[in-house]
Amino acid sequence: MNLATTTVRAPAPAPAIALERLTKTYPGDVKALDEVSLTVRPGTFLAVMGPSGSGKSTLMHCAAGLDSPTSGSVRIDGHEIAGLNETRRTELRRERVGFVFQSYNLIPSLTIEDNITLPLRLAGRAPDREWIAALVERVGLVGHLSRRPAELSGGQQQRAALVRALAARPAVVFADEPTGALDLRSAHEVLELLRTLVDELGQTVVMVTHDPAAAARAHKALVMADGRVVEALDHPTAPQLAERLVALGAC
Amino acid sequence: MSEHFRTPSHLPLFPIALRMTARRITVLLAVVCAVLGGAALLTGTGVLGESGLRSHLPPGRLGGADIVVAADQEYHPDGDLPLALPERARVPSSLIDRLSDLPGVTAVVGDLGFPAGLIDAGGEVVPTADDPTAAGHGWSSTQLLARPHVTGRAPAGADEIAVPAATGLRIGDRVQAVAGGRPAVRYRVTAVVDAPGAGVYFADATAIRLASRDGARRYDLIGLRTAPKAGERVADALRDQVAGTGLTVRTGADIGEAVAPGVGTARSLLILLAGSLGGIVLLITGFVTAGALGVSIAGQRRDLALMRAVGATPRQIRRLAAAQSSVVAAVALAPGVAIGYLLAGRFHDMLADRGVLPPGLPLTVSPLPALATLLLLALTVQISARGAAWRTSRMPATEAVAESRSEPRKPSKGRTLTGFLLIAAACALSVTPLFTRTVIGAAATSIVGIVAAIGLALCGPALVRTAGAAAVRRLRPWTSAPTWLALANVQAYALRVAAVVSPLAMAVVFVLTYTFAQTTVLAATTQDTRAGTLAQYRLSAPALGGLPAGTRDAVLKLPGVRSAAPVGSTTVVWPYEMFGEADVESVPALIATPDAAGVLDPGVREGRLADLTGATVAVSSEVAGSRDAGLGRRIRLILGDGTRTEARVAAVYDRGLGFGSLIVSGELMSGHTTSGLTQSLLVRTDGTATAARVLTDLTAAHPGLALENTSGTGSGSKQDTPPEVWINLATIVVLLSYLLLSIANKLVAATVQRRTEIAALQLVGTTPRQIRAMMRREAAVIAAAALVSGMLLSALPLALLGQGFLGRPWPAGPAWLLPGVAATIVTTAFLTIELPTRQALRRAPADAIRAT
């Protein structure tokens, strides 16, 4: 099965993500994001780094439509989501955004197969069976579909979460510390998979991490501090990133 | 490759809802129990209500009639349910001739019913029919019996009689009969009649003489037999004939209605009963079901939050919760409904045993109550499931996931406010007994209690949180670890604790207010009747259908008798205006004569009982004020036989609880009762032993008379505990068991869901003994909170109830009730927390953590 041939994507007319003067303030006047502007082109693997509390998770949540910003504009695949209500945001999200979480967030009472197709089910969309079967084979979960999450290893669970994120062919996949809970080998496998997706399928991936080694697999890395982007690095290396983070007094 | 991946092209959401439930058996058991019990109670109530509306009495002694023409024994108010008229209204005898000419009619029988009792040679009463007030009939009425087995020949002379087979008398036997209140006469038995409902039969001419009152020849009813298949045609012709006369033409299953005029009363009772039970059953079912679903959905908050994260809309989350809950409820519905039908049957039997319902009145069993139950419960489940999932569904997805690991941070303000408002409203309502000293006023107390308990359920989390925080602040540093943990848990998991405390508190409130409302009214009623009954004795003749004429004169001649006055009870319909709205009520009324003043003291405040002559009534001060029926006013009444009349208010009295809201004059009622006889005689003596002895002697000399002491009974009713009190107490027991069962389930479910928490505590070094100690302390806090809040909520309504009814700020009732309730609550809380905790501790902590 050749993944590349099944997924010829029309060139996206708009950036996958476009943020403009994005601000998020929490009660008590805590500014988690301070007028962040950012554009992610389709087919980019972007890593967002920063010490705890730098605003990287908030950035991802707002950019992905999981949370609504206090002010500013968020466009996903050309669609403005700021100002939409919870339901409309959810609908847009499940059409165009895939998620991979640090804690996998698989639903324990459902089988892996049900977990993978859940977003499609919720959207009332028919699954592209060949596409999903190809993904399942690519991540090596064939034969595990009828198991429940607790019966799989962490790496397997995260790969299942990856298939779930890609099942609806989203414009962008967000990964929140996808390797944070994995051992070195599993972490390496998952990162390898993400990179392959970008290189072979032109999938846009935005990954939030504090692990310089993980971020080094990306095309581009942003370093955040105090709710702002303080540095952008093309083709970063792990030592380079580690140094920046240490300089920020974190890690 | 697609053999590994068999997902169909269409993916419905519903199966997911099911699969999410499949692994949560313990929690679902609570929901199943709640729905099962709710379905049973609702269906049972529904069956009672439907039977009240539609059940048919067996035709009894009219089983052989094809058509019966009788007076309509119901009053039909505009746009309301008909009210039963319990005194026989009669049919003019002139109608008979017109009816016999109708084509297809093979026999027309004018049936007379009059009081009759048999007395054997030994002076003992021989039981005859169910109702001695209409046991006597003319011989021609035997034509209306269904397939009678008659031996002997028809009574012909004035001294001949036919008796039912059940009496054991034989042809040729001599027997005395007291008929129509005349002195006992000796008869010879010429026939024995064996048929359902058979009474005592006299020669037709004799019967007319015995039954005639005021010389008018009127029948109780006219029975017809028709040629085969002519029944409906004849009935239609008859309906044309009697249109506008107030008579009804009954056929088939309807005929049973005509047997006795009081049957409608029993059915009205069923409707009333279903109505009053319905409200409380629905409230409690809703409360319990919503509570169980709340626990079940709270346990799935993480799953639901995760689904939000992968793209479920808020609406989908609520739909999912509702669908899943509906399926679980559906499982419990069918057996619950089945139990409900059985329950209604048992309840009916108990009511019949207590004489509240005629044993012949069957229950109507149709699918309607099941259908109504289905609709009500479906609605309850949908609303409570959506309500329980509301908060999780509406949160931004990230927040939902984060929050699902602990509890929602703050109980919502709207919820807390609604709770306080409900409690405030309940407090305001609880003053009702101060203003209306009636059974309805007391009923307000029970409802107030339930409303307050629901209010507590709503504002409970906020209260628990505040109280928990206060307790934790006051802890000293050297407090033991389990106590500290327990209090910290109570504070941190305020919602969970409140969810357990509030149903327990509700049980406390429910039992206290409901029971004490009943016993307080009972005590006040007894107090009223005791204080208001001057007579020491009641002389009656239930086996003869009424006191024979001349009894009063005989009693008055006895030495030591100061006063003797006839009293009876009837039911009248009273149309009145209240707050400008026309209303109509069926009122039980005491029949009394002017000389009642010598034996009764209903606490007359205006007018005099001695003025109860002609068309007059006395009314209780409660209704005198509210219905514009003060002294001298004229009120409209419909007497028990349907006669419309007007009466002047001759007296207003205060002891309305003991004597009812209405006393009608004997002269007004004369000729408008079924038997036409005096029901009983209240006798006041000088209190000497001689007086007692001569009265006893008189009773013994007249077979069929019965002498009672009034101290044990009221003057208006003959039973010591009114049926409604007994019914209400039975209801409390049933509902309380339902509440306790569901509370126990809920507590177990809540504890089972804490397995991870327990495991985590074990992993950080808490010993099983410390965990058990912690859980026990939590149980103690829960039981104490439930008891204290329950008692606080009941205190005000009960104090006001006592003040209103007994003139002291506490209610009357059994002293063991409070300790009994406390013991039950404490036991429930401890057992349902202790057992699942022990169970949880058996599992290795690492396993428990992994399994989530």
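A Cβ is built for glycine as well, from the same backbone N, Cα and C atoms used for every other residue.
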#### Entry: From B:15-35, B:183-203, B:813-833, the residue range that TrEMBL assigns the feature transmembrane segment
B:813-833
### Query
Given pairs 6 or more apart, does the transmembrane segment (B:269-299) have at least three Cβ pairs under 8 Å with the transmembrane segment (B:364-385)?
yes
#### Entry: Contact yes or no, the transmembrane segment (B:447-472) and the transmembrane segment (B:813-833), 3+ Cβ pairs under 8 Å, gap 6+
no
### Task
Report, as numbers and ranges, which residues of the same chain sit near the transmembrane segment (B:364-385): CB under 8 Å and 6 or more residues beyond its ends.
35, 38-39, 42-47, 49-51, 53-56, 282, 285-286, 289-290, 293-294, 297, 318, 321-322, 324-326, 329, 333, 336-337, 340-341, 344
### Query
Do any residues of this chain, six or more beyond the ends of the transmembrane segment (B:320-344), have a C-beta under 8 angstroms from a C-beta of it, and if so which?
13-14, 16-18, 20-21, 28, 31-33, 35-48, 51, 289, 293, 296-297, 300, 304, 307, 312, 363, 365, 369-370, 373-374, 377-378, 381-382, 384-386, 388-389, 393, 734
### Task
Could you tell me the mean pLDDT over the domain 'ABC3 transporter permease C-terminal' (B:277-396), as a whole number?
85
